[in-house]
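One structure is given below, encoded as structure tokens.
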Amino acid sequence: MDTSSINAQSIFDDNAATLKLSWLTGHEGWERGFSSESVANATSSADLVGHLNLIHPNRIQVLGDAEIDYYKRQTDEDRSRHMAELIALEPPFLVVAGGVPAPPELVLRCTRSSTPLFTTPMSAAAVIDSLRLYMSRILAPRATLHGVFLDILGMGVLLTGDSGLGKSELGLELISRGHGLVADDAVDFVRLGPDFVEGRCPPLLQNLLEVRGLGLLDIKTIFGETAVRRKMKLKLIVQLVRRPDGEFQRLPLESQTVDVLGLPISKVTIQVAAGRNLAVLVEAAVRNTILQLRGIDTLRDFMDRQRLAMQDPDSQFPGKLI
């Protein structure tokens, strides 16, 4: 991942209002950031932001009340040595939290070394939690997929398929049935956690749906505020296909999944043909997926009943084993 755009200046600009940050000194080091190696080796954002720790270099160091009190109890020699070690680590920047004054020696060393030094009245714990959440979003794996992303019955569903199969028309019908639009054509997905992928609409395409023959439709203006969503977790992919008779698997014995940012996402394939009510089929697929997430598998239950019936000697099942 390219980390060149993540530096002290960008982090300050994005969080100054939320964290009430003030840039005390070290403005010349605005380009300081994280090395690619430190980001690659980080198991989570906790490795990139934390309380003062001289063992972990190249991370955002936050000094709270406890760290400042410890500093004050040290001898002049120990203070100088600790400050020298801290600056030598070349952290992206330092934050003195809790509204306590920054030690004069720390300010002087940050000025001389062009190390950005921020201050905030907020507690160190609040600053660390907020910056960790921010870093996890910034550095999360991302991908842009083609399709129509909808909120159907509270589940994030991505409609995919070849061009011309009617994905946008199907999306429009589902919206008219009370479901919500997240994004059309291009959907930005980001993996924010170990078990979920979140999808959003690019700002340029917000609330828009393109339908052949009608052009661009502003869904929010036409259907109202409740017809659009800002984001949804991706739980199901519905792939629309057009295949000749005899080439479509009616009862797939194995659950289909698609890898999205390293996470397997359930997939359902629906054949497009004249006379088929695709909106009803998609809704049924979503309801069935909800049952499967609750541990209810209709096909597996049927196969279990079939096996028991075939093994029962008193059963009138026509295909029982003799």
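Along the chain as shown, residues are numbered 1 onward.
Each Cβ is built from the backbone N, Cα and C atoms, and glycine gets one as well.
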Given ranges 43-48, 271-276, 289-294, 295-300, the stretch to which Swiss-Prot attaches the annotation region 'Important for the catalytic mechanism of dephosphorylation': 271-276
Secondary structure content of the region 'Important for the catalytic mechanism of dephosphorylation' (271-276), with strand meaning DSSP E or B: 0 helix, 1 strand, 5 coil
Among H146, K167 [active-site residues], residue with fewest other Cβ within 10 Å: H146
Binding-site residues: G164, G166 - member with fewest neighbouring CB atoms within 10 Å: G164
Count of other CB atoms lying within 10 Å of the CB belonging to G161 (ATP binding site): 20
